[in-house]
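This report concerns only the one structure given below.
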Amino acid sequence: MIAASAPRSIAVVARRTPTKLSKALNYPTCSATCIGLRPFVVIQPIQPLASRRDFSSTSSHPKITEFFPAKETERVRRTPAAWPHPIYTEEQMRAVEVAHREAKTWSDKVALSAVKILRWGLDTATGYKHNKPMTAYHYLKRNLFLESVAGVPGMVAGMLRHLHSLRRMKRDNGWIESLLEESYNERMHLLVFLKMMKPGPFMRLMVLGAQGIWCNALFFAYLLSPRTVHRFVGYLEEEAVITYTRQIQDIDAGRLPEWQNLQAPQIAIDYWKMPEGHRTMRDLLLYIRADESKHREVNHTFGNLDQKEVRWPVAYTY
Ligand SMILES: [Fe+2]
Ligand SMILES: [Fe+2]
């Protein structure tokens with residue numbers, strides 16, 4: 001639903017969003033923080049891949065494994081994705097940068113403070129520090145937990161706008177689909193990381209608890225001030241870009257040997273339409289980071305707009 005002319009439209013409307021990012025991508029969609037408790041996940045023994053058709057032959061230590069194998073049935077056929085992902089170029093993904101939108105209003109400051117408190121709480125609880133070396137295992141735990149909660153805001157906001165449209169018998173002007181697409185994209189991030197790590201009972205419990213609190217808190221917050229919630233998500237996505245940028249830098253610096261030659265799982269290759277020769281773990285993180293940067297841009301833009309009357313510019317051609 002997001003038109004090819006998206007970046008230009010966004011740039012016009014969202015002058016206060018990180019400007020370089022607006023130009024960087026044609027359009028993406030997606031947030032972050034971390035976790036590091038030992039019983040969060042169960043690492044499975046490495047299994048050889050059933051097929052290496054889509055993986056590089058340079059992979060000497062395959063670690064992608066099928067924790068939740070699909071049940072094959074005769075009458076079920078695969079259908080295309082509901083929201084096919086736009087194709088990113090290498091140049092667009094490399095252009096993504098860490099950026100911060102200055103908090104200007106009280107609403108912005110409340111949103112930024114909420115993100116800082118949330119981040120501080122999670123980091124303290126899990127012993128995470130930006131300057132502390134992280135292993136692939138710790139990154140996976142963090143990514144898995146965060147992606148499990150990242151898909152909630154778009155769904156809550158989309159649902160509330162959907163209900164608003166029904167209740168007021170008015171058009172929504174393109175916001176709902178964009179929000180639902182964002183939550184779909186975040187869930188795809190989760191499904192990709194689930195190919196690399198199996199959540200343990202404690203992780204599942206944490207996700208359950210987080211979802212119960214998170215979903216309800218967002219529901220009431222969005223009713224009170226949708227602008228603040230979009231700004232809050234925008235700041236969360238800034239953190240996500242930082243997190244994935246650090247992971248890419250760690251691969252480049254050789255600090256994550258497990259990911260050095262690891263190939264992206266098939267689900268990722270299909271979703272992002274990753275070209276042959278660009279299907280490594282590093283490439284995968286570039287795709288995910290680009291998504292997060294677009295979530296950052298989109299939510300800051302939502303936060304800039306009139307919440308009731310303005311058409312979502314990405315859904316229209318001007
Ligand atoms: Fe995101
Ligand atoms: Fe994500």
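Quick reminder: no glycine exception, Cβ is built from N, Cα and C everywhere.
Annotation source TrEMBL lists Fe cation 1 binding site at E147, E186, H189, E292. As annotated by TrEMBL, Fe cation 2 binding site applies to E186, E237, E292, H295. Per TrEMBL, the feature transmembrane segment maps to 205-224.
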Those binding-site residues in E147, E186, H189, E237, H295 whose CB falls under 6 A of ligand 2, listed in sequence order: E147, E186, H189
Entries of H189, E237, H295 (binding-site residues) sitting next to ligand 1, with Cβ under 6 Å as the cut-off: E237, H295
Cα distance (Å, whole number) from E237 (Fe cation 2 binding site) to E186 (Fe cation 1 binding site): 11
Which of E147, E186, E237, E292, all binding-site residues, has a Cβ with the fewest other Cβ atoms inside 10 Å: E147
Entries of E147, H189, E292 which, being binding-site residues, have CA atoms within 10 angstroms of E237 (Fe cation 2 binding site): E292
Between H295 (Fe cation 2 binding site) and H189 (Fe cation 1 binding site): CA-CA distance (Å): 13
